[in-house]
Amino acid sequence: MGNAVAAKVAPWVRKEDTLTNLPPPRPVRPSQAPLRRLSFYAAKLITEDSMTQLDKDDPMAHLDWHAFLVHTDLCTMNYDCLGVDDDTRLRHLVRMVENLKVASVLNKAPGALLPFVYDIKQCMRANPYHGFSHITDVTQYMYTLLLATHVADALSPVERAAALVAAMCHDLDHPGLSNTFQNNENSELSQRYDRQSPLENHHLAVFEKLAEKHRLFDGMDVKDAARFWEVVRGMVLATDMARHGALMERIKQKLAEPAWHPLQTPEGIDLVLQIALKCADISNQARPWRVARKWNDAVYAEFYHEGDLDRERGRPVAPLLDRDKNVISRSTCGFIQFVVAPLYESYVAIMRRCAVLDAEVDCRAVEECLVFLRKNKEKYERQVKGEAVDPDEAEAELTIFSEASLRTAMEQRRSTLLPGVNGAYQQDARARLLDKIKQHSSAPAEVPAAPG
């Protein structure tokens, strides 16, 4: 079975992630491949037509791997998981697992995790929202947060791999019905876990079965395996919104400690990863508008299905689940204002603390998320007023945002009203990357300027 699955998945792994309108890739060395540079919301492509000049001295071999991944096409907030099919989603998951070297951490051969990733897909039900698309979307967002903030470099290999696996497995076998529904129904899951986070505990139980099936931890040191499981368990349980208030209060208390360094202790790292996964789990409205609105349709389709079941059973229907009374645009404004934005603001505060204490950590990618939360909330407010909002309106805003960032002086990067990694910082990062290439090449390639 395992070999059959690997054979089925293998052809996808060899393809490029999301490149379009390009000839099929040749089996070439990394230095010969197209070099894609993405800012986190606006995609930019740099084509290295003359990278073959670098054959004799591969510059990529000398670059920091995580810094290089920031320049690749899966490290972006612009990702549209609903715009691709399941085969592509599976291929993207495999690529992220490979990029963060999860198999190496587990002391397995490079292709050994293909059946495990495939089984994650097989575990997901055809729910309107909590399906394989959600798993892939959350994992990609977590992947981007780890790399864009450079937090990945502050983690141990075990913690880094566990963080990605937690994102991949945080909603395994989700039934599409909430914890509240499980407890109201006194379902088997509710009874099994004594009404305490029944879904999250179920997701962990399914992960444990998959780990046993694929012998994930057999090659690991006992201490490393224990830390891996500890990180995954803490992150998955933190996604239960019933624990949201306690987690937010814990963050507030830790930030009140002047000497607290979030990335210096396992406890601090656990907190950073837990809030990162929570941000990824409800990240839909921190995506560009054309992506955010599609996810909103999906989540309310699932909400309304649950509300219909409550109504059939004679139970009161929660306001958000009532298709007859709820106004999606209005309730989404409230969700952004009272849940998503405060969560992201807390994460920004943690990243700023990290950036002050560690020059390698960059908080701007997360700050940029707040900009897009605000922009999307403004669109929903316009809908509440009865105004029509173009489904692709965000594209024009992204262009304006990028151009404005380009004009921002380097010394104002951290204080700009539209923080992020577009524009000046992008050019600076690109220059640093090319400098590294030139240091290790006697014949550096000419790279065209990034489009404006």
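Every residue gets a Cβ built from N, Cα and C, even glycine.
Heads up, TrEMBL stuff is auto-annotated, nobody curated it.
The domain 'PDEase' annotation in TrEMBL covers 46-387.
Among the features that TrEMBL reports, active site, proton donor is placed at H130. Secondary structure from DSSP puts H130 (active site, proton donor) in coil. A simple way to gauge crowding: the CB of H130 (active site, proton donor) has 21 other CB atoms within 10 angstroms, across all the protein chains here.
Look at TrEMBL and you will find H134, H170, D171, D281 tagged as Zn(2+) 1 binding site. Within the same chain, the residues at least 6 positions away from D171 (Zn(2+) 1 binding site) whose Cβ sits under 8 Å from its Cβ are M124, H130, H134, I135, V138, L199, H203, T239, listed in sequence order.
DSSP assigns D171 (Zn(2+) 1 binding site) to coil in the three-state reduction, outside any helix or strand. Under the heading Zn(2+) 2 binding site, TrEMBL lists D171.
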Densest Cβ environment (other Cβ within 10 Å) across the binding-site residues H134, H170 belongs to H170
Counting only residues outside H134, H170, D171, D281 in the same chain, those with C-beta within 8 angstroms of the Zn(2+) 1 site's C-beta centroid are H130, I135, V138, A167, H174, T239, A280
